[in-house]
Amino acid sequence: MSATTPTPDPVPGPLDRERAHLAASRAALRAMREDVEALDIRDVTANWVNAAVLERQIEDRVKALADLAHTPLFFGRLDYLPTTQEGGRFYIGRRHVHDAQGDPMVIDWRAPVSQPFYRASRRDPRDVRLRRRFGYTGGDLTAYEDEHLTDPAEAETVSRLLQQEIERPRVGPMRDIVATIQPEQDEIVRGGLSGTVCVQGGPGTGKTAVGLHRVAYLLYAHRERLARTGTLVIGPNRSFLRYIEQVLPALGELEVRQATVDDLVGGHVEVRGADDPAAAVVKGDARMAEVLRRAVRSHVTLPTEPVIVVRGSRRWRVPAYEVEEIVTELLARDIRYGAAREALPQRIAHAVLVRMEAAGEAPDDRVQDQVARNAAVKAAVKAIWPPVDPAKLVLRLLSDAEFLAEHADGVLDEDERKAVLWARPPRSVRSARWSPADAVLVDEAADLVARTPSLGHVVLDEAQDLSPMQYRAVGRRCSTGSATVLGDLAQGTTPWATRGWAEALAHLGKPDALVEELTAGFRVPREVIAYASRLLPHIAPGLAEVRSVRENPGSLEVRGVAAERRDAEVLGACAAFLREEGSVGLIAADPRVPALEEALRAAGVPFLSPGEETTPDVRLTLVPASLAKGLEYDYVVLDEPSAVVAAEPDDRTGLRRLYVALTRAVSGLKVVHAAPLPEQLAG
Ligand SMILES: Nc1ncnc2c1ncn2[C@@H]1O[C@H](COP(=O)(O)OP(=O)(O)OP(=O)(O)O)[C@@H](O)[C@H]1O
């Protein structure tokens, strides 16, 4: 590797030539954008609907072609060996740019020809002679770094530019990592669309980053298919979604929906209530699916009367046993309750038609439709296979002990049934105080009635926290598509947190998914991760400690103070960190947040809520421990670890919450406590 070139060469040298290419690429991008802006759609659109659609597409395209000052147009270059098929030189960037002749100036990082930028190595050069990485300061190209992969004389070294990118102080929302995706990450990013992949990785191993880049990659490689079927990123809460929302647009992808599981299932009922953990655990148990299935199907009543259709002067009689046969056959088929209900009148009509034919008539399809709509057939269908309202059904299951007992027989025991029954049954669907777990049950019931449409690809982040019923809810949204499941078993903080990936993937409906592991940590400094990992044997025995790839050892300080000094110490720590570059997170047990809010206000220190964007003036965020997951700050002050543990229903969950809180810092962590530290941490 040649030396990094931090300053411009005195005579026009490689850096000047690269800058010239950057300037030319920018000009080409501008020309591409102007071409799109100049498109006159009046000639090609016949009506205003088409015009509106086309106009939107053009607007999106213009946005995608924007030259963003803070994101360099290219970050790498590959020179292939002249003897190879690729032959030439390629600049790798966030999007494709071509010149007026259509020749490429910058190649999209997702193109096959870019792949060796991420994967080629001295051992496997993949026909690459030279890999060049570019360094930028602001928008200016200021450095480059070369690897001659086929030169045996060149020693293998660690890339400085890569290291700088990893060590860069964090401010504001999450950024893309497209310039520095690591080989083991790239393998996941570029995995095929057909398979589901599950990534287990400790804090800061890049799971979220990998998931987002994977969506961008899949959209590139399967644009048409995914434009039709749709993609979705699922995150744990709004603050998290706000934190990641700019990554995909920065990669030119504006169409990916982002939601929480609660958002997904929230369409049927309004969630205004909460469950105690015991109820939520049972409601989230996969056995509830069987209870619901039985309850839905219990609406079918086998007929005891014949169906008699009068047409003109004739009466056609389908005897009860024959209608029963039809019903039994529909029940046995693997179709939705609603679809079977729609099929039933046609099936009865068909039985009538068979009789008509036997009597010498020649009825056609229209006659069958008429018979299916006949009042007697309709009445029979209503009696046999009445419509089911999913919310009403769940309301009844949770209010009517007998109804629940009937359908939960052999599935839930008495205590479990008691746990889920409402103490005071609500009068109506509207007045009920539905909990998040209830909404998932209603969603499951809705799917038993009518199939939920499937998307092409779903990325599920922080997956370890989902209940089996939530996995099912996500699974039906990718039943004919695929998923990327990201999580860390050690960070599971719900009472129903995933115990193992095989089980979770089975609930998701993807039992054959590949489970990959990421172990290199890009966020947490070595000393800090070692401290947090003292908890691992207690919260997730068997999981390996994250191996920090950061060179900066980071700072860790654990400070015990008298109770009356605690808030002042916390404020002092925040003030000290605010004197450094980057963001500061003050993480505290949820019950401690109001007191700290007051203390910060009294001291005149402005602060943000999680997910709110930092500004040059306000870089401190007060983070309730329950919202810390997935987020990161350059410096973290952790207030009173034992309070973080105590705020959770049990010790294991508490220690896991603490593990999450301890692993948010990029450059430094200061722990302030007045109470004794949890013994598992004290070491
Ligand atoms: N290849 C990479 N190059 C540079 N930075 C990286 C790379 N991979 C990850 N990072 C950075 O490391 C940090 C942690 O990444 P990310 O949030 O994706 O980790 P995670 O595994 O989802 O963490 P958690 O378990 O805490 O949610 C982010 O700032 C991310 O940009």
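Along the chain as shown, residues are numbered 1 onward.
Cβ atoms here come from the backbone N, Cα and C positions, even for glycine.
Just so you know, TrEMBL annotations are computer predictions that nobody has curated.
What TrEMBL lists as domain 'UvrD-like helicase ATP-binding' is 180-534.
The ATP binding site annotation in TrEMBL covers Gly201, Gly202, Pro203, Gly204, Thr205, Gly206, Lys207, Thr208. According to its DSSP assignment, Thr205 (ATP binding site) is coil.
Sequence-distant neighbours of Thr208 (ATP binding site) (same chain, 6+ apart, CB under 8 A from its CB) are Met174, Ile244, Asp461, Leu486, Gly630. Within the same chain, residues at least six positions away from Gly204 (ATP binding site) with a Cβ under 8 Å of its Cβ are Gly521, Phe522, Arg523, Val524, Ile529, Val546, Glu632, Thr663. Same-chain residues at least 6 positions away in sequence with a Cβ under 8 Å from that of Lys207 (ATP binding site) are, in sequence order, Val199, Gly201, Asp461, Leu486, Gly487, Asp488, Leu518. Same-chain neighbours of the ATP site beyond Gly201, Gly202, Pro203, Gly204, Thr205, Gly206, Lys207, Thr208, judged by a C-beta within 8 angstroms of the site's C-beta center, are, in sequence order, Asp488, Leu518, Gly521, Phe522, Arg523, Val546.
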